[in-house]
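A.B. asks: TrEMBL lists these features:
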- 36-286: domain 'ABC transporter' (DOMAIN)
- 730-972: domain 'ABC transporter' (DOMAIN)
- 386-410: transmembrane segment (TRANSMEM)
- 422-444: transmembrane segment (TRANSMEM)
- 499-520: transmembrane segment (TRANSMEM)
- 532-551: transmembrane segment (TRANSMEM)
- 635-656: transmembrane segment (TRANSMEM)
- 1070-1091: transmembrane segment (TRANSMEM)
- 1097-1117: transmembrane segment (TRANSMEM)
- 1141-1172: transmembrane segment (TRANSMEM)
- 1192-1215: transmembrane segment (TRANSMEM)
- 1222-1240: transmembrane segment (TRANSMEM)
- 1343-1364: transmembrane segment (TRANSMEM)
Amino acid sequence: MGRHGQIRLGVAFRALNVSGSSSSIPYQHTVASYVLYISSILARLFTFHKKSKPPILRDFSGSVCSGEMLLVLGRPGSGCSTFLKSLAGETSGLEIDDVSNINYDGMTYPQMHQMFKGDCVYLAELDVHFPELTLGQTLMFAAVTRKKESDKKSDPRSIARDVASRFNLSDAFDTKIGNAMIRGISGGEKRRTSIAEVFIGGAQFQCWDNSTRGLDSSTALGFVQLIRSSTTSMRSTALMSIYQASDAIYENFDKVTLLYEGRQIYFGPAVLATDYFIDLGFERRPRATTADFLTSLTHPEERRVRKGFENCVPRSADEFADAWRRSAAAKAVLQEVDEVNAIYKKKYQGSDIDALRQKSLTYLIPTYLQIWLCIRRGFQRLRNNYVPTVAGIIGNTIISLVVGSVYYNLGEDTDALDKRAVLVFFSLMINAYAPAFEIMAMWAQRPIVEKHNRYAFYHPFTESCASLICDLPNKVATCIMFNTTLYFMTNLRRTAGAFFTYMVFIFATILTMSMFFRMVGSLFRTIEQTMVPVSMVILIFSAYTGFIIPVKDMVPWLSWLRRLNPIAFAYESLMVNEFAGRRFRCSYLVPVGPAYAEDGLENKVCAVIGSKPGSFDVNGSAFIVSKYGFQTGHLWRNIGIIFSMLIIFCTVHLVATEYIPARRSRGEVPLFRRSKKRTKQVKDEETGRSTGFIHHLTREERAHDQSLVRTTEFQKNKVGIERVKDQATFHWSALDYTIKVTNEPRHILKDVEGWVQPATLTALMGVTGAGKTSLLDILACRTRVGIVTGDICLGSKQRAADFQRKTGYVQQEDIHLPTTTVREALEFSAQLRQPSVKTSSERSDYVQHIINVLDMSSYAEAVIGVPGEGLNVEQRKRLSIAVEMVARPELLLFLDEPTSGLDSQTAWSICMLLRKLSDNGQAILVTIHQPSSQLFQIFDRLLLLDRTGRMLYFGDIGLDASTLIDYFERHGAAACGSSQNPAEWILDVTRRSDKADICQGVSHKDWCEIWTRSHERKEVLHQLMGLKETAVDVADSQSGSRKAEYAASFPRQLHLAVKRKFQEYWRDPMYLYSKAALCAGVTLCNGLSFYNTRLNIQGISNIFFSVFLFTQLFSTLDQQVIPRLTSGRALFEARERRSKIYSWVVMVSAHILIEIFWQTIAAFLIFVMWWYPTGLWRNQDPSFGTSERSGLAFGMIWLFNLWISTFSQTVGIGIDHEETAVQLATLFFWLSLVFCGVLLPPKDLPRFWEFVYRASPITYFIEGTVAAGLANMPIHCSELEFLHINPPSGQTCGKYLDSFISTAGGSLINPNATSDCLCCPVANATSLLGIYGVEFERRWHNFGYLAVYVLFNILATFGIYWVFRERKAKVLSIN
C-alpha cells in the first residue's frame, strides 16, 4: 500500500492538556426543564458567565516516530479515546490548551488537520456503510479514491481483494453490507470492513480506538500484525487503544502509554513498562498478560504490592503521575521530545507546505473524478437495490390511474372548469411533494459521507452532486409514468405544445422542490430539526399557490409568501397553459326555467366567474384572470423564476453540505435527573470527563468505602448473593438446529448435548460462526425461526410455560430503554418478574442490594441513554446483568459474551460475580469470547463447538485446565506451554484449515470425529441417560400460581408499563415539542391564512380547503408515531417478551394510551389555533348555537387526531421496517384524501368509486368540521361572484328573476334596477354544502362514524399484532 514520495509523519507532544467544552453538570432534559433552560439562556445574555472547562487529560508528553506503533492502555473513563481524538484532530466537544505543544515532524497542529486531512485518520467504533453496496464495492471505492493519477499500475479491484483476504473477508466479498432492511454481512464482518476501509486509505498517521472490539483473538492478532507490517513498510505511524490485549498483540508495539483517570503514568518502550512498575513496588500475577498487568495498576482492588513496598507505592492517579514525572524514564521521554522538536523545528513553511501537499493524501483525485466515482457508486446502489425505486414508480403510476379514473375524460364545457383547476393543483402537489422522502435518504447517508470526508475520500458536495444526477432517472421515469397517464386519461388540453409545456413545468417543479427539501435537510444538524420547518413549509406552499386562496383573498400581511413559493409560479403557468386561448361551452345559463323559455341569450348569463351576459361560452383566459388573478403573459416568465430558485436552492444545499456537519455524539457522559443528587464521581469512557460528583473523599477513601460495602454484603449473605434453592439439572441431547437460507436448509448446530448443574459455571466457546448464540437462544427458549430437534429438559420434564420467566438471559446487545435511569430499569424488572409472594418494598430492597453488589451506586440514578451518549460500555453491561439478577432467576442464568468489548479488569470483576452466583447455587451458562487464562480458570466446565456447529468437547476444565489439556494432548495435539493461555491454545489446536485465515499454524485433525468416538463422550451420554431417568422435577411441587406465564397480574403490568411509557415521553422533550410545534405551528399558519374568512362563495370554498389542509398533519405525525411504535416494539420483542416481563397486550395498550393522551392535548392546541383565527367561532343560528358548534368542531378535531395515531399504529404494528410502514400509511392516506369529497364532489364521482368516498374516514372529518363552522349561515356574494343579468326591456330585475330565485334559490341585490341585475346564486351555506355531501341533519352522525373508525383501528392493532407477530413468535418445532 505504500506510495513513492509520500510524506512521513510522526508526532511529538509536550504538556498536552485537554478539557471538555461543557460548563455545567449534564442533566436529563424533560418537557418542563426546557422552559427553565430557555430562561437560563436568556439570563446569560445579560450576565457575564465564565465557562468552566473540566479537565480530561493533564500534562501528557511523548513522541511516536514514523514507523512506530504506540499502544494506549487504560480503563474505561481514563481518557484513551480523548487522547487519540486529540492527536487525530477530532476535537468536537474538546478543547486543547494553548500551552500544549504538538509537532507533527515539523507541522503545527492547525497545518496538519486543515491541510493534510487524509494523512491523519481516527477510526471510532461505529460501523456505517452504504447497505446497498457489496463488501467488495465498498473496498474498491476506497481503493480508487486513494489512487493517485500518477499511479497507473495499481488496480483498485486487486487491492480490494487482497485486503479482503488479509482480513478473512474473501467469502463475503460479493455480499451486500446490509442493514435492518437488506440482508447482508454479519456484525463482525462489518467491523473488519471498517478496519479494511481505513487500511486501504494508507494514512500516514492512524489512530485506532478499540478497533478490535468484537473480534476473536486470532483475528485481532492478524489485524495488529497487518498494521505492524504496514508501519514498517510505509513508515507510517499507528496509535491504538486495545482492551484485553494478549502478549502476542502486545509484542507488536514499540511503545506503550498508560492512562489513569486522565493522567499519564507511563510512556516509553513497551518492553520496559513492566520493569518500571515492578521497580516502583508492584507485583505481576502469574500468567497475567503484560497489558492486563499494566491496566490492573489503575484499579485499586486489582493491583498487587510487593512485600516491603506497602507504604511507599503510589495509590491515586495524582501520585502515580508524580512518580512518573520524577522518574528517569520520564526525563528520557522529555529529552526525546525536545530532540524531535529541535530536528523538525519550523521545517515546513510557505512554499514548502505547498510542495509537501503534493505528496499528501488529502483528496488524491480531482473534483470531477470524485463526482464521477460517486455517480458510479450511486448507480451501483440503485442496481443492487432497485426494488424500492421500481416499487415507487409503480406506486405513483397506480395513484395516477386512480386519480385519472376519478377525473376521467373531463368535458369541454364550463362544468369542467373547476374540476380542471383542482386536477392541475392536485397533480402538481403530488409531483412537488414526492421528493420530500429524499430528506430521509439524505440523513441516512449523511454519517457515511461525513466519515468519508474525514478520510479525505471526497468532498461532501461531490456526493451531493452525484446524488442529484443518480436520482434523475427515477424522477424522469416517475414524471413520465405519472403525468402522461394522468394527462391523457383526464383529457387535459390535447395539443402537443400544451402537453410538453405541462411536462416541462412539472419536471422543473420536481427538481426545484427536490433542491428545496435537500437544502433544508443540509442546513440543520438533526433530522428532528428538519421535519418541523419542512412540514410548515408544505402547508404554506399548498395554501399560497393561488388556488386554495386566490391572490385577491390572501391576507395582506402574508401574501408575500406566494412570491417565495416555486409551486405558485408553476401553478400559474400550468393554469395558463390549460385555459389560455380556449373557449368553454356554457353548461348552465341563468335564469333557467319555464318562465324564461322564450327569452333570448342576451337576457341570460353563464353561471361561471368570468362569463359575459349574452355569451354562450366562457373565455378560459378571462376565467383564470377573474377568479385567480393569473396573467397569460406570465407563462414563460415563471419558468425563469423557477429555475432561478432551483439554482439558489442547489447552491445553498451544496455549500451547507460541505460546511455544516451533522450534530455529533457528545460522548458517553452520564446524564442525571435534576431531582437526584450524587455523591460519587463517574467518568465517561469516551472522554474521561468528570460529571460533577462531589470530591470530598480521596480516591483511596472512596475505593476503601466501596470495598467495605462489598465486604459487608459478602458477610451478610456469604458472598453477597442470595442463596438459590436446590433445582433440577438442566440438560439437552441430540440437539439439531436448521434454518433456511435462500430456500436451502443450513445446519447451524448438529448433535449437541450437555448439561448445566446447579452451583456450576459452564463456558460455551467456539470460533466466530460456531453457533454459540444460536445454542444459547435455543436452550433459553428464545428462538423464533428455524427448526429445532432434540430433547431439552429440566430434570425429567420438558420446559414449562413459565421457564422463560424463571430464567435470566443477558444478551450480547445491551438493550435498554434510553430515557430511564439505572434504578428505574432495575425496579421495573424486579416489580414485574419477582415472585408474587414478595412485597413491593422487598423487591425495592433487593434492587438496592444488587446495586451495591455490582458496585453501581455511583451511577444508579444516571439515565441509560443510547450507545455513544449516556452510560459507557462497562456500565451498560453491568446493568444488563443486574436487570436479570433483580428478577431472582430460580432456574438458570444465561449470558451471551458478557465480557466482549470490556477491559480486562471489568471482565474479571464480571466473571468473579458470576463465580459468586454459581457458588450460591445458581446454574450459569456463558458464551465467552477468547478469555484470558485467569478468566478461564473461573469456569467449571466447557462446551466447545466447531465452526460447523458440531461438538469438539464437553466436560470439566480442571485445575489450571489440566483435564482439558490432557484430553487434547492425549489425542495428538501439540503440548500447551506453561506460559500459554489454555483458552487460546485450545482454539488454535481445533481450528479447521479448510479456509484461509489470518492466523497460521492450524491443525488438520478432525477433532469433531475424535470427540464422537472418545470415551469422554460415552461418559457424557451415560450421565445424560441417568439425568433423564432419575432427576426430580422440582416444578411439580410448585403451586399453580407460580406456574403462571407472568409473575405480575395484568392490571399491575398495565399500570407499570403505562407509567414507564409516560416517563419516556416526558423525558423526550424533542418529540413532544416537535409534535406540539407541528400541530400548533401548522394549524396557526392555516388559521392566519384564512383569517376572519368572509361568508361568500369563495369563503365557503376556502373553509373547505382549510379543513382539507388539516389532513396534511397525517403526513408528518405518522412519521413520528410509527418510529416510536417500532422502537418500543423492538425493545419488547428483543428482551422483554422473551423474559416474560409483561404481555404483548400490555405493550400495545401502553403505546395506544400514551398517544391518545398526547394527541388529545395536541387536538386542543389545533382547535384554539384554527377555530378562533378563522372567525368560525362567531357563527350561530337558533337551531345550531355557538356552544354546540364549538363542541362538534373540537370533537371532530380530537377524533381526527386519534385516528391519525391509531391508524398509524395499525399499519406499523405488523411491519418490521418503519420506512415501509410510513410509506404504506401514506399511500392509504392519499387514497382516502382523493375520495374525501373536496377535490371532487361526491355527485361527480364515478359510480365505481362511490364506496371509497363512504369508506374514507377523512370524509366524515371534513363533513363534520365544515358543518360545525358553516351550516345554516347566510351567504353574501362578493362583487366578483355576482351574476350580471340584463332583464328584457321594460322589466325590473325583481320581476324578471322572481320565478328563478324562488325555484333555484339565491338573492337579488338590486330588484328595482332595469339593467345589470346583481344576482347571488346562493343565499344560504347549507345549500352550497349539500353539493359536497355535507348535510346539517347528519352533523353528529359524522362524529359517531369517526369514533367507530378510531375504535376499529385500536382493535385492528391488537388483531394484527397477534396474527403477524405474536402467533409467529410461538411457532417453534421441538421434537
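Yeah, the Cβs are placed from backbone N, Cα and C, and that goes for glycine too.
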A.B. asks: I need to check the long-range neighbours of the transmembrane segment (1097-1117): which residues 6 or more away from its ends have a CB within less than 8 Å of a CB in the stretch?
C.D. replies: 531, 534-535, 538-539, 542-543, 548-550, 553, 1075, 1078-1079, 1082-1083, 1086-1087, 1089-1090, 1166, 1170, 1174, 1176, 1197, 1200-1201, 1204-1205, 1208, 1225-1226, 1229, 1233, 1236, 1238, 1258, 1261-1262, 1265-1266, 1269-1270, 1275, 1277-1278, 1280-1281, 1321-1322, 1325, 1328-1329, 1332
A.B. asks: Looking only at the recorded stretches 422-444, 499-520, 1141-1172, 1192-1215, 1222-1240, which one has the largest tally of CB-CB distances under 8 Å to the transmembrane segment (532-551)?
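C.D. replies: Of the candidates 422-444, 499-520, 1141-1172, 1192-1215, 1222-1240, 422-444 scores highest.
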A.B. asks: Among the recorded stretches 386-410, 635-656, 1343-1364, which has the greatest number of Cβ pairs closer than 8 Å to the transmembrane segment (499-520)?
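C.D. replies: Looking only at 386-410, 635-656, 1343-1364, the most contacts with the transmembrane segment (499-520) come from 635-656.
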A.B. asks: Please indicate, using numbers and ranges, the residues of the same chain that are 6 or more beyond the transmembrane segment (386-410) and have a C-beta under 8 Å from a C-beta there.
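C.D. replies: The answer is 416, 419-420, 423, 426-427, 430, 434, 474, 477-478, 481-483, 485-486, 489-492, 1227, 1230-1231, 1234-1235, 1239-1240, 1245-1246, 1248-1249.
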A.B. asks: Quickly jot the same-chain residues contacting the transmembrane segment (422-444) by Cβ under 8 Å, restricted to those at least six beyond its ends, or write none.
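C.D. replies: Distant Cβ neighbours of the transmembrane segment (422-444) are 396, 399, 403, 407, 410, 467, 471, 475, 478-479, 482-483, 486, 490, 492, 506, 509-510, 513-514, 517-518, 520-522, 527, 530-531, 534, 538, 541-542, 545, 547-548, 567, 570-571, 574-575, 578, 662, 1219, 1223, 1230, 1234, 1239-1240.
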A.B. asks: Output the single range from 1141-1172, 1222-1240, 1343-1364 maximising the number of Cβ pairs under 8 Å to the transmembrane segment (1192-1215).
C.D. replies: 1141-1172
A.B. asks: If we skip the immediate neighbours and take only residues 6+ beyond the ends of the transmembrane segment (1141-1172), which ones have a Cβ under 8 Å from one of its Cβ atoms?
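C.D. replies: Sequence-distant neighbours of the transmembrane segment (1141-1172): 828-829, 832-833, 1045-1046, 1048, 1050, 1053-1054, 1056-1058, 1060-1062, 1065, 1072, 1075-1076, 1079-1080, 1083-1084, 1086-1087, 1106, 1110, 1113, 1121, 1124-1125, 1128-1129, 1132, 1190, 1193-1194, 1197-1198, 1200-1202, 1204-1206, 1209, 1213, 1354, 1357-1358, 1361-1362, 1365-1366.
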A.B. asks: State the mean pLDDT for the domain 'ABC transporter' (730-972).
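C.D. replies: Mean per-residue confidence for the domain 'ABC transporter' (730-972): 85 out of 100.
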